[in-house]
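Structure first, then comments.
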Amino acid sequence: MDTFLFTLFAFLTLFQGRLSIGFYVQQAGKSKGTQKQFFLLCLALAAWMFCHGLRVLLPEEFREIALNWTLIPILFVPRILHKIVNLMFGFSKNQKEFQPLHWIVLVYLLSCAFFCNAISIIDTSKFTYVYNYSYHLVNAYALLYISYSCYLMFRSIFRSKGDLRIRAFLFSCGSIIALVFTIACTWILPYYGLYWASKSIFGFLPFALFWSIAILHYDAFEIREYILDGKKLPFLNRISSFLVLGLFRLLDPNEYYMRLLISKANVVLNVASKNHELAMQMDLEKFERAEIVAGIFQNRIK
C-alpha cells in the first residue's frame, strides 16, 4: 500500500509539473525561466518520493545504500526553490558572490549521501535507522536555505503590490506547510521511533497546488477578463480565479478596487463605443440598438 502511494505521488507530481509548465507557456509566455525551474523542482520532489517507495522493494543488503541515496534528489530542492523565488521577485542581483561557497557545501553533502555517511540502518526489515552528523548537516542546509527563501517570499508580501503580493502569499503558504511537514516527518519524529518520512506527502500536496496557482496566475485581472469574455483558459486558472481575486481584495484592497474600476470603465467605454458605432451605421431605434449591444456584451453585463 505504501509503495503504491509513493509511486502514485511521484506520478502526480511529475504530471502536475508538466501540466503547469504547458499551461503557463500557452497562456503567459513571459517567464520561461520560472517554468523550467518549477518543472525541475517537481522532478526532484517526485524522484525523492519515488525513491522512498522503491527502496522497500530492494534486497535488504542494499537498503542502507537506498536510504542514503534517497537524500540526493532532495539536496537539489532548496537551490531550485531559491532560484524560482529570485526569478519571480527579482532578488538575484547580489547572489553571485555566494555561488562558490554554495557549490562547495552542496558537493560535500552529495558525497556524504552517495558514500552512505548520512544514515546508518539498524533494522533493514523495518527501516529503522540512526542519524550520522552528515544527516544533520543535510537537514540544516535544507532548513536554512529554504527558510531564507521563505523570508524573501514573506518580505515580498509587504513590499510588493498587486499580483506579486498575492503570488508571494501563495508561495509562502505552500512553502511553510511543506517545510513544517518535512521537518517533523524526517527529522523530529524519528527520535520518537516514528519513521514517517512518507507522510511528507501531506505537506507537498498543498505546496504543489499553491505554487501551481501562483505561477499560473501571472495577472489576476487579465485572467478575470478572459473568464468573463468566455475565452479558453487552463482549468486551474479558471477554478482558482475566485480565490485569487478574494486574496487580492484582502491583501491589497486599494490596488484591487482601482483595477476593478478600470475594468468596469473599459466595459462601459466599449458599450458606449459600440452603441455609437451602431447609431452611425444603422437606422435603428434606441431599444433595438440596446438589444444588439446587450447581446454582444452579454458575458460582461451580469
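Just so it is clear, glycine is given a Cβ too, placed from its N, Cα and C backbone atoms.
Remember, it's a predicted structure, so these values are computed and weren't measured experimentally.
Some features that TrEMBL has for this protein:
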{"type": "TRANSMEM", "residues": "6-26", "note": "transmembrane segment"}
{"type": "DOMAIN", "residues": "20-223", "note": "domain 'Histidine kinase N-terminal 7TM region'"}
{"type": "TRANSMEM", "residues": "38-58", "note": "transmembrane segment"}
{"type": "TRANSMEM", "residues": "70-89", "note": "transmembrane segment"}
{"type": "TRANSMEM", "residues": "101-122", "note": "transmembrane segment"}
{"type": "TRANSMEM", "residues": "134-154", "note": "transmembrane segment"}
{"type": "TRANSMEM", "residues": "166-189", "note": "transmembrane segment"}
{"type": "TRANSMEM", "residues": "201-221", "note": "transmembrane segment"}
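The stretch with the most CB contacts under 8 Å to the transmembrane segment (70-89), chosen from 38-58, 134-154, 201-221, is 134-154. Here the transmembrane segment (134-154) has Cβ contacts under 8 Å with residues 71, 74-75, 77-79, 81-82, 85, 89, 91, 105-106, 109, 112-113, 117-119, 168, 171-172, 175-176, 179, 183, 186-187 of the same chain, all six or more residues outside its ends.
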